[in-house]
Amino acid sequence: MTRLVLVGPPGAGKGTQAGTLSEKLGVPHISTGDLFRAHIGDGTELGRSVQGFLDEGKLVPDEVTNEMVRERLADEDTAGGFILDGFPRNIAQAEVLDKILAESGQKLDAVVSFQIDEDVVVARLLGRGRKDDNEEVIRHRQHVYRSETEPLLNYYRDIVLTIDAVGEVNEVTNRVLNALDK
Ligand code: AMP
């Protein structure tokens with residue numbers, strides 16, 4: 001059973017690692033950023049309501065985000081585990097996640113923390129070219145990470161695995177798999 005949360009600053013390579021780990025571990029990759037972008041791309045009402053937050057690098061309100069995650073975690077493919085990428089992003093979301101999992105007798109196995117310098121991630125993001133990747137928005141997203149998301153590492157301190165996120169993609173994947181004993 002593999003129920004994981006990936007935590008790391010924007011640009012740490014979480015999404016890429018989540019994709020690879022999802023294949024290797026045979027559990028779905030659930031990225032709240034991807035879910036929001038899919039809604040925006042499909043022109044749904046939810047998409048229209050969250051677009052401004054994504055454009056400015058601000059967190060989407062918890063009620064919207066938590067409800068979307070609650071629905072996604074109710075899908076059958078998550079019964080054998082999942083990799084959450086980009087959720088939770090603050091303590092309030094973490095508390096809701098605990099509650100959602102507890103309702104079906106589940107709990108997280110590990111929280112993988114990707115460690116990388118801010119200078120390295122900002123340089124990476126500037127090269128990525130996503131719509132929310134201009135310098136001002138990038139800076140803001142790093143600030144949101146430090147103030148809202150990083151405190152999760154203390155919240156989850158008993159199950160955190162700290163991974164050096166600097167290096168080749170497959171090297172970093174191997175570090176995670178080793179830390180997970182897989
Ligand atoms: P990401 O692809 O994870 O970098 O997320 C892109 C954007 O989606 C973020 O800058 C937020 O605007 C929004 N977002 C993603 N996940 C969350 C979350 N858990 N809570 C609030 N907003 C989120």
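Using the three backbone atoms N, Cα and C, a Cβ is placed for every residue, glycine included.
Curation does not apply to TrEMBL; its annotations are automatic.
Note that the coordinates shown come from a computational prediction; the quantities given were computed from them, not determined experimentally.
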Which single residue out of GLY47, GLY52, GLY167 does TrEMBL record at the ATP site shared with GLY11, ALA12, GLY13, LYS14, GLY15, THR16, ARG128?
GLY167
TrEMBL lists region 'NMP' for one of the ranges 31-60, 91-120; which is that range?
31-60
Listed by TrEMBL with THR32, ARG37, LYS58, LEU59, VAL60, GLY86, PHE87, PRO88, ARG89, GLN93, ARG130 as binding AMP, from among ARG141, ARG146, is ARG141
Among GLY11, THR16, THR32, ARG128, the binding-site residues in the record, which have a C-beta under 6 A from ligand 1?
THR32
Row GLY15 (ATP binding site), column other C-beta within 10 angstroms, all chains, value 17
Within 10 Å, the Cβ with the most other Cβ atoms among the binding-site residues THR16, THR32 is that of THR32
Averaged across the region 'NMP' (31-60), what pLDDT does the model get? Just tell me the whole number, please.
97
